[in-house]
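See structure below.
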Amino acid sequence: MHLLLVQLLVLLPLGKADLCVDGCQSQGSLSFPLLERGRRDLHVANHEEAEDKPDLFVAVPHLMGTSLAGEGQRQRGKMLSRLGRFWKKPETEFYPPRDVESDHVSSGMQAVTQPADGRKVERSPLQEEAKRFWHRFMFRKGPAFQGVILPIKSHEVHWETCRTVPFNQTIAHEDCQKVVVQNNLCFGKCSSIRFPGEGADAHSFCSHCSPTKFTTVHLMLNCTSPTPVVKMVMQVEECQCMVKTERGEERLLLAGSQGSFIPGLPASKTNP
């Protein structure tokens, strides 16, 4: 009797285990097709939903109107606000504000492109000032020479200097071919001084950056008229500050500075 009870106690858990194995296998076999069917249904539903809803991150400007574009922008802004800072960073990087973009464009228009090694390139305000100086004191012949840029350094505009600046001088005459001559102009600023006194005893000295060494060249132009046309051109080689007093006396200022000289004007003196 006791032996029979022991056998029943041993066989009872084994029977439950067999039933559980069969039931679990049948349940697993049933749940796997259900899972695959659910996945297919979910994929189809997501695909249909994706076809119905437009992509918020793709815009076709030529296919949408202003109202649709504005609605897309609003939806995109809402979505980005929900996603948080992770999506806002690329938004600010790829779409900068208008004021930042305008500042970048304006600075790019005004500044010269810097080289790759990081060295600063000299900007051109002084070249523009030199060009205005050129128009005001050198030519005054209209807009024909507006594109001329002189190789003048920035510090030379503010300090006292006097030197030769190379440029291409165009010699022109009516019914004649233009001739371009390599020449130099005197550029700089020179000092001025006035000694105190009364009446005739007061003396004023103004120094000018003038040529101290130059040659005069007679240039014959090729013209259609039978009368030959000859132009006199002053080719400047060296420049220094020349002092001119109120009485018309002109002499070299050894410890002086700078002024301006117009090439081509007739000179009263020729200094070798």
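Each residue, glycine too, has its Cβ placed from N, Cα and C.
Annotated features, as they stand in Swiss-Prot:
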type	residues	note
SIGNAL	1-17	signal peptide
DOMAIN	162-246	domain 'CTCK'
DISULFID	CYS162-CYS209	disulfide bond
CARBOHYD	ASN168	N-linked glycosylation site
DISULFID	CYS176-CYS223	disulfide bond
DISULFID	CYS186-CYS239	disulfide bond
DISULFID	CYS190-CYS241	disulfide bond
CARBOHYD	ASN222	N-linked glycosylation site
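In the three-state DSSP scheme, CYS162 (disulfide bond) is classed as strand.
A 10 Å cutoff on Cβ-Cβ distances gives CYS190 (disulfide bond) a total of 25 other Cβ atoms nearby, all chains included. Counting only same-chain residues six or more apart in sequence, the Cβ atoms lying under 8 angstroms from the Cβ of ASN168 (N-linked glycosylation site) belong to VAL180, VAL181, GLN182, ASN183. In sequence order, the recorded positions near CYS241 (disulfide bond) (Cα within 10 Å of its Cα) are CYS162, CYS209, drawn from CYS162, CYS176, CYS209, ASN222. Put simply, of the disulfide-bonded residues CYS162, CYS186, CYS209, the one whose Cα is nearest the Cα of CYS223 (disulfide bond) is CYS186. Less than 8 angstroms from the CB of ASN222 (N-linked glycosylation site) sit CYS176, GLN177, each of them six or more residues away in the same chain. Of the listed disulfide-bonded residues, namely CYS162, CYS176, CYS209, CYS239, CYS241, the sparsest Cβ surroundings within 10 Å are found at CYS176.
The highest number of surrounding Cβ atoms within 10 Å, among the disulfide-bonded residues CYS186, CYS223, is found at CYS186. If you take every residue in the domain 'CTCK' (162-246) and average the pLDDT, you get 85. If you measure from the Cα atom of CYS162 (disulfide bond) to that of CYS239 (disulfide bond), you get 6 Å.
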